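Structure first, commentary second.
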Amino acid sequence: MVRKPVVSTISKGGYLQGNVNGRLPSLGNKEPPGQEKVQLKRKVTLLRGVSIIIGTIIGAGIFISPKGVLQNTGSVGMSLTIWTVCGVLSLFGALSYAELGTTIKKSGGHYTYILEVFGPLPAFVRVWVELLIIRPAATAVISLAFGRYILEPFFIQCEIPELAIKLITAVGITVVMVLNSMSVSWSARIQIFLTFCKLTAILIIIVPGVMQLIKGQTQNFKDAFSGRDSSITRLPLAFYYGMYAYAGWFYLNFVTEEVENPEKTIPLAICISMAIVTIGYVLTNVAYFTTINAEELLLSNAVAVTFSERLLGNFSLAVPIFVALSCFGSMNGGVFAVSRLFYVASREGHLPEILSMIHVRKHTPLPAVIVLHPLTMIMLFSGDLDSLLNFLSFARWLFIGLAVAGLIYLRYKCPDMHRPFKVPLFIPALFSFTCLFMVALSLYSDPFSTGIGFVITLTGVPAYYLFIIWDKKPRWFRIMSEKITRTLQIILEVVPEEDKL
């Protein structure tokens, strides 16, 4: 059984409860008649669902540094093969999540699926690492790319000061947090616009590339599978780069409870998004190779800029703006989705209860959104973020593979469970095996980094027993926790979701 939030013996519930009109009694607001229930609304349509998936998948990587795959494959042909295979494998994972999302109709993504199938301990470990390290570090990394590229047009002749990048990055992070705190609808609308910008940027690269092919610029595709020798032990790293570029297909499942008609919308949004992204990624890489050879691509710090300078002339100045908008879209979509993960984990008693509360008027999970802000700022101004993400990249695929393996378990354990969308069993089997295979080979290829990541992940086990299992916490601690919760409720104007009261 999942341990539910502890109900205080000191005060009634330990937190302030909103009245039927969604008002905190301590705020002294006059109650307007017929106000909506305080709960998250189903505002994610098919278009918004597609924009969430595409908007979070396509970040800066495809524009800045798709060379990670090429470095670890050794040839143009093998790199394009890896891009295609990673797209197909990501589609398999996404289809598996489509079945999980339409069978277990709860928000939270892999946290929820692991919780339902394998119990609270592995689910807690997943959200523990996500909250404290992975999500703040990942948000800081993509935000730094935003900061760098939004400033690039103003520093054409000189190096951009590192402090300026971090300051504008901090502003961008704050804007995203405020946007997601204030309105679900506006956040979704802006995500649609930013997704359109991403696809426009990709088309700006693909169309000239196709024209180059028509003109016969195919010299870089001759002997496509010959090139630098690359050990088979480096292929997992190529897959990591490829799969990382496709990461984001699972984010719609984080907001299942806010999706309109999820039984139809989730599978359809996933299929549309993955088809667009896979075709777009492969064609973008093909376009690069029509103008840039393998050696030049490996030396370039911003492949899209190099490509556009050669083919688009002065229009290449617009490329950094498109890259910055692409990064901003990934920031926005990631915060929108992951805040629901923290919201659900809090609702299940695995995070502080304030994180499962909703703003009485905006109907947004305000605390679950803003908790990321200080953590991301700490990551932004400290440490080597890339190394930290490398340490923990295996954990993402380990838990995603575990969640998809849970689908197979449910097929045999609960064969009569209602499944509006069902995939052939070989799809989740192949995907979960691939995830575990990548984790095993990463341990073989880079045991030091993977070992550090494994140790960091395991810190969630003692944390689980300390914060979740241990019920007999000191009275002073419980009193202090409740005072903090009530104070934050008043400041933030949040209450528990009405159906949970």
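Glycine is treated like the rest: Cβ placed from N, Cα and C.
Swiss-Prot lists R135, Y244 with the feature L-glutamate binding site, giving experimental evidence as the kind of evidence. Per Swiss-Prot, the feature N-linked glycosylation site maps to N314; the stated evidence is sequence analysis. According to Swiss-Prot, the feature intramembrane segment maps to 102-116. The phosphoserine annotation in Swiss-Prot covers S26 and rests on a large-scale study or a structure entry. Sequence annotations record features per position, and here Swiss-Prot assigns topological domain 'Cytoplasmic' to 1-43, 96-101, 117-130, 180-193, 256-265, 339-364, 409-422, 471-501. Under the heading topological domain 'Extracellular', Swiss-Prot lists 65-74, 151-163, 211-234, 287-317, 444-449, citing a curator's inference as support. Swiss-Prot lists 44-64, 75-95, 131-150, 164-179, 194-210, 235-255, 266-286, 318-338, 365-385, 388-408, 423-443, 450-470 with the feature transmembrane segment.
If you take the C-beta of R135 (L-glutamate binding site) and look for same-chain residues 6 or more apart in sequence within under 8 angstroms, you find G334, V338, L372, L375, T376. Cβ atoms under 8 Å from those of the topological domain 'Cytoplasmic' (256-265) belong to residues 40-46, 49, 101-102, 105-108, 184, 340, 420-421 of the same chain, restricted to positions at least 6 beyond its ends. Around Y244 (L-glutamate binding site), the C-beta neighbours below 8 angstroms that are at least 6 residues distant in the chain are G61, S393. Summarised by DSSP class, the composition of the topological domain 'Extracellular' (65-74) is 7 helix, 0 strand, 3 coil. With a cut-off of 8 Å on Cβ pairs spaced 6 or more residues apart, the transmembrane segment (44-64) and the transmembrane segment (365-385) reach fewer than 3 such pairs and are scored as not touching. Two recorded stretches are said to be in contact when at least 3 C-beta pairs lie under 8 angstroms, sequence spacing 6 or more; the transmembrane segment (131-150) and the transmembrane segment (365-385) meet this definition. For the transmembrane segment (75-95), the list of distant contacts is 69, 220-221, 224-228, 230, 235, 238-239, 242-243, 245-246, 249-250, 267, 270-271, 273-275, 277-278, 281-282, 285-286, 289, 294, 400, 404, 423, 427-428, 430-431, 434-435: same-chain residues at least six beyond its ends, Cβ to Cβ under 8 Å.
Look at the topological domain 'Cytoplasmic' (256-265): DSSP puts its residues at 7 helix, 1 strand, 2 coil.
Only residues 6 or more beyond the boundaries of the topological domain 'Cytoplasmic' (409-422), in the same chain, are considered here, and those with a CB under 8 A from a CB of the stretch are 98-99, 102-103, 117, 263, 266-267. Here the transmembrane segment (266-286) sits against the transmembrane segment (194-210); at least 3 CB pairs are under 8 Å, leaving out pairs fewer than 6 apart in sequence.
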